[in-house]
Amino acid sequence: MRIGVAQLNSTIGDFKGNLQKVINTIRIAKQRDINLLVFPELFLTGYFPKDLLKKPDFLNSVRRALNTIMRNTEGISVIIGLPLRVGRSFLNAACLLKDNRFLGFSAKTNLSLIERDYFTPSQRRLVFNLDGKKIGINLGEDLDGSYDVIREQKRRGAELVINLSARPFYIGKDEIIKDLLKKKAQNNNLKIIYCNLVGGNDGEVFDGGSMVISENGEILIRAKRFEEDLIVYDESIIYAPIIEKEEEKWEEIFKAITLGIKDYVRKNNFKKAILGISGGIDSSLVAVLATFALGKENVVGVIMPGPYSSKESVEDARVLAKNLEIEYLEIPIDTIYKEYLNVLKPIFKDLPFDKTEENIQARIRGNILMALANKYNYLVLTTGNKSEIAVGYFTLYGDASGGFSPIADLTKEEVYGLARYLNEKYNLIPERVFTKKPSAELRANQEDEKDLLPYSQLDEIFKYYFVENQPIKSIVRKGFSLKDINKVIALFYRSEFKRRQLPLKLSLKKESFDFPITNRFYPTPK
């Protein structure tokens, strides 16, 4: 038996496009004498369709597409993921088609958190006899959920297990999934074929990395990561195990972000991406990532110097744009800013300069970017990082204005790390951007780390308290002052209302946070 693993990129709700990919891949599979062709979890609808699953027209489109696929399975078997209603149950299913017939389906038992709002956990964990081979078919978290689906399928006589997945990327995930598959294969003495989705949908990126694992837990075949691929496992061939090196962390993050940007722009029909470039590290990195993702002809940078912008920052922004060979505009905001102050002066009276005037500058810049985006159907990329977002160090309706936030899950230290990694390869960001002190440049002599804390300390405190949920006393024992710890915690809690209004972020990490806006809890240990 020759089994094809179709690691493809689907778009939510694009039945025409997704169906065309299926039909084209079936045609290629027949040409390559593939007997069984496997597609990822919920490939037909795209992952994850959320409340579209409640729409009758959406489900009718699923049925029509399934019938079309079935009519194209003469001489080949196909397993494809889709939603399926059976009686009163609504299932996340894997359907088996062969010779223009529907042979049956397996459905997911261990539903993910979001899936539980839509699907029914299934007891239908079938083992199919296909061309004399007993094959267990399961989906996603059936690999590692609370119920051991693979063990049950082994008891039912499965000689091979195929898992259809839509597992999103997070940093470190690839090694975790490889270890999981190896252990499952070894513990059950079963070969496992893992077919994972690839591509970006909204704030998630699916990294592919499909593979075939031997009974001994060795990788026999491996698909590319972050791009479409079709791999073929031929049972008549003896494969030598693949010895893989762990992918460089920064390269993995680079591929994830660029794929996320590319697919968000493409799938939502934006013409180009636009962003403000200030000469700082955050906007410089996002400009580089956007250019690699979309091509230099599809990125527009806007330099918007204000009354506190340094000459060096403006120069660095120009050099970056020229190095990237992107279109860039220079729109000074001084005149607009002065007019704002003139209009507000009778109302502000003699009140001193404070964050109000700082935020006006940021909001002028945000308005300019949004005006250009509206006029030309561009997507505004915001440039905030996780450290500053965590403590609310951004301006609502200002630098936070936009449609997609590609580095919002990277801390400031990680922003520097990724930027340095890319600069060592491509030398696009001016060196001065790395060495000068970070500043929002909204007032004279402003330094971000004086407003907050040194980023290395801020990131560590944030990690210990909010990611690892360590008590404050243990963080103090690590050498941090109680004053600094309480500052980070208080800023985080007070900023929840701001974070709720941020644009869609690209998720790069497993952990997420969900705190109430109305909250009077502030830990204050003595």
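Heads up, the Cβ atoms here are built off N, Cα and C, so glycines get one too.
Under the heading domain 'CN hydrolase', TrEMBL lists 1-237. Under the heading active site, proton acceptor, TrEMBL lists Glu41. If you look up TrEMBL, you'll see Lys108 marked as active site, for glutaminase activity. According to TrEMBL, the feature L-glutamine binding site maps to Lys173. The ATP binding site annotation in TrEMBL covers Gly276, Ile277, Ser278, Gly279, Gly280, Ile281, Asp282, Ser283, Thr383. The deamido-NAD(+) binding site annotation in TrEMBL covers Asn359, Glu388, Lys498.
Other than Asn359, Glu388, Lys498, the residues of this chain whose Cβ falls within 8 Å of the Cβ centroid of the deamido-NAD(+) site are, in sequence order, Ala362, Gly392, Tyr393, Phe394, Thr395, Leu396, Gly398, Asp399, Ala400, Ser495. The 10 Å shell around the Cβ of Lys108 (active site, for glutaminase activity) contains 28 further Cβ atoms across the protein chains shown. Each residue contributes its Cα atom, and for Glu388 (deamido-NAD(+) binding site) and Gly276 (ATP binding site) those atoms are 17 Å apart.
Using CA atoms as reference points, the recorded positions Lys108, Lys173, Gly280 were checked against Glu41 (active site, proton acceptor), and the closest is Lys108. The average pLDDT for the domain 'CN hydrolase' (1-237) in the predicted structure is 97.
Cα-Cα distance from Gly276 (ATP binding site) to Asn359 (deamido-NAD(+) binding site): 16 Å (rounded to the nearest whole number). In this structure, the binding-site residues Ser278, Asn359, Thr383 were compared by how many other Cβ atoms lie within 10 Å of their Cβ, and the smallest count belongs to Asn359.
DSSP assigns Lys108 (active site, for glutaminase activity) to coil in the three-state reduction, outside any helix or strand. Taking the C-alpha positions, the distance from Gly280 (ATP binding site) to Lys498 (deamido-NAD(+) binding site) comes to 22 Å. Pairwise Cα distances among Asn359, Glu388, Lys498, which the record gives as the binders of deamido-NAD(+), peak at 15 Å. Counting only the Cα atoms, the space from Lys173 (L-glutamine binding site) to Lys108 (active site, for glutaminase activity) is about 21 angstrom. Gly280 (ATP binding site) has a Cβ environment of 21 other Cβ atoms inside 10 Å. Looking at Thr383 (ATP binding site) and Lys498 (deamido-NAD(+) binding site), their Cα atoms lie 15 Å from each other. Between Asn359 (deamido-NAD(+) binding site) and Asp282 (ATP binding site), the C-alpha separation comes to 18 Å. Comparing Lys108 (active site, for glutaminase activity) with Ser278 (ATP binding site), their Cα atoms are 48 Å apart once rounded.
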